[in-house]
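Notes follow the structure.
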């Protein structure tokens, strides 16, 4: 892009940010970070390098989220389906996620901004070193309340619902609850994190238009926005457009 083009783009971005700050933003933003591997192939780097670029982009997007006033972000970091990838890639991703958590533990912005870090999903299949790091970062940030950063790891929406049903069934057999007592509020209490509110907006990159087993129970009335760029290529202007689009919709919640 030319210098003039960059100048015009910065002005547009500034004006859009100014407009966004005048109106309510999503309280909870869900993000499906799709396109790391496609990005890598498109510029001739390894897929692992593409994942590293994706990690770097996530740091940017968290900053953008706090800048516009969003207080909760949930990122689809590693799905149950991702376990089916080649073992070398899976192990690389586990190490990359572990590094990301360690970076958070050492990042003064986490403590300055009061960022609580939480993991949702079935972590039983994760390597011990990663489970230990998750325990550390969750414990270290548990007291913070200003901003919440959730990572869905070992997560699948269908599996979450199945696991909830199994736990409910067991409690019925044990006489702890009655079938007639089951309602949406009770069901939510059996999900991986009963404190997780429904996402107001789900942003997906790469141009794919589906939610891919992400927060299936919680996303019943979420607004969806699909950005036609791979995750590492997401620009601040793309992010702001997603928020602006959300602000200009009339949410009906099924009515």
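Placement of Cβ uses the backbone N, Cα and C atoms for every residue, glycine included.
Pulled from Swiss-Prot, these are the features on record:
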type     : residues                                                   : note
BINDING  : 34, 223                                                    : Mg(2+) binding site
ACT_SITE : 34                                                         : active site
BINDING  : 35, 36, 37, 38, 51, 79, 80, 81, 83, 85, 204, 210, 211, 212 : substrate binding site
ACT_SITE : 82                                                         : active site, proton acceptor
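Under DSSP, residue 35 (substrate binding site) is assigned to coil, being neither helix nor strand in the three-state scheme.
Around the Cβ of residue 37 (substrate binding site), 19 further Cβ atoms fall within 10 Å across all displayed protein chains. In this structure the alpha carbons, written CA, of residue 82 (active site, proton acceptor) and residue 37 (substrate binding site) are 13 Å apart. Each residue contributes its Cα atom, and for residue 34 (Mg(2+) binding site) and residue 83 (substrate binding site) those atoms are 16 Å apart. When the alpha carbons of residue 83 (substrate binding site) and residue 223 (Mg(2+) binding site) are compared, the span between them is 28 angstrom. By the criterion of other Cβ atoms within 10 Å of the residue's own Cβ, the least surrounded of the recorded positions 35, 82, 83, 211, 223 is 83.
Reduced to three states, the DSSP call for residue 83 (substrate binding site) is helix. Sequence-distant neighbours of residue 51 (substrate binding site): residues of the same chain at least 6 apart with a C-beta under 8 Å from its C-beta are 36, 37, 40, 92, 93, 96. Residue environment of residue 80 (substrate binding site) contains 19 other Cβ atoms, counted within 10 Å of its Cβ in all protein chains.
Shown are the binding-site residues 34, 204; of these, the residue with the fewest other Cβ atoms within 10 Å is 34. Rounded to a whole number, the C-alpha distance linking residue 223 (Mg(2+) binding site) with residue 211 (substrate binding site) is 11 angstrom.
Within the set 35, 36, 37, 38, 51, 79, 80, 81, 83, 85, 204, 210, 211, 212 that the record links to substrate, no two Cα atoms are more than 21 Å apart, and one pair reaches that distance.
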